[in-house]
Amino acid sequence: MLEILQIPVLEDNYVYLLHEPGSGATAAVDPAVAGPVLEALDARGWRLGHVLNTHHHGDHVGGNLELKAATGCTVVGAAGDRHRIPGIDVALKDGEEFRLGSASARMLDVPGHTSGHVAFWFEDDAALFCGDTLFALGCGRLFEGSAEQMWRSLERLRALPAETKVFCAHEYTQANARFAVTIEPGNAALRERVERVEALRREGAATVPSILSEELATNPFLRPESPEIRARLGLPGVPEVEVFAEIRRRKDVFRG
């Protein structure tokens with residue numbers, strides 16, 4: 001069973017340290033900066049063997065080269081993004097396996113936020129590291145991909161086991177919650193979740209990870225089939241991707 005350490009960095013990023021105790025193998029997911037990662041490793045006596053990158057944005061790869069210089073770690077990323085991942089050593093294709101001691105992950109292509117975005121799914125640990133594709137109560141902006149690409153990616157993620165823990169890369173949940181209730185205000189589970197999110201943030205506590213079942217019940221970006229959402233958007237009878245695209249468009253201009 002993986003030990004997972006969540007490290008808050010920058011304004012709202014999370015870096016994750018994954019430690020497989022049987023072998024001592026350790027990986028860092030999306031290290032925006034190196035310093036806090038090195039401090040956490042030193043405090044626990046862990047040795048970094050790998051960096052896993054979900055995409056090429058600077059707040060996800062900014063610590064790659066410093067970590068590589070300090071630890072000799074191997075950088076793992078998507079084959080399609082090898083030209084944009086600093087220090088990449090191992091370029092995986094969709095569905096290929098990454099092993100961390102006795103733990104294993106499948107790399108999943110999930111384009112939309114960027115064209116080369118991927119996620120790492122540790123099935124036996126019910127843990128998904130999805131970068132900026134799926135957020136708690138939200139999803140990533142479409143910087144390079146289309147709404148169709150992002151929707152296919154989200155469909156892929158929402159088909160994972162409901163008990164999957166969703167480790168996204170940012171603490172955006174409070175802002176996402178304020179938008180979500182404008183899209184589906186009649187969702188009682190959403191309203192209850194918003195109250196919990198607000199309480200956690202008042203205490204300075206993290207709202208990440210979430211559970212996929214919770215996202216399926218409350219995240220509007222995963223719920224384009226909802227009759228209430230369709231009615232509020234004036235989009236009855238259209239394909240789910242069109243509903244998703246309209247939700248994303250509204251989120252892009254939301255100020256709340």
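Glycine too: its Cβ is placed from the backbone N, Cα and C atoms.
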Swiss-Prot annotation, Zn(2+) 2 site containing ASP59, HIS60, ASP132 - matching residue among HIS83, HIS170: HIS170
Among ASP59, HIS60, HIS170, which are recorded as binding-site residues, the nearest neighbour of ASP132 (Zn(2+) 1 binding site) by Cα: HIS170
Additional residues around Zn(2+) 1, ordered along the sequence, whose Cβ is within 8 Å of the centroid of HIS55, HIS57, HIS113, ASP132: THR54, HIS56, HIS60, THR114, HIS117, GLY131, THR133, GLY140, PHE143, ALA169
Largest tally of Cβ atoms lying within 10 Å of a Cβ, found at which of the binding-site residues HIS55, HIS57, HIS60, HIS170: HIS55
Rounded Cα separation (Å) that holds between ASP59 (Zn(2+) 2 binding site) and HIS113 (Zn(2+) 1 binding site): 14
Same chain, 6+ residues apart, C-beta under 8 Å of the C-beta of HIS113 (Zn(2+) 1 binding site), given in sequence order: HIS55, GLY131, ASP132, THR133, CYS139, GLY140, ARG141, LEU142, PHE143, GLU144, GLY145, MET150
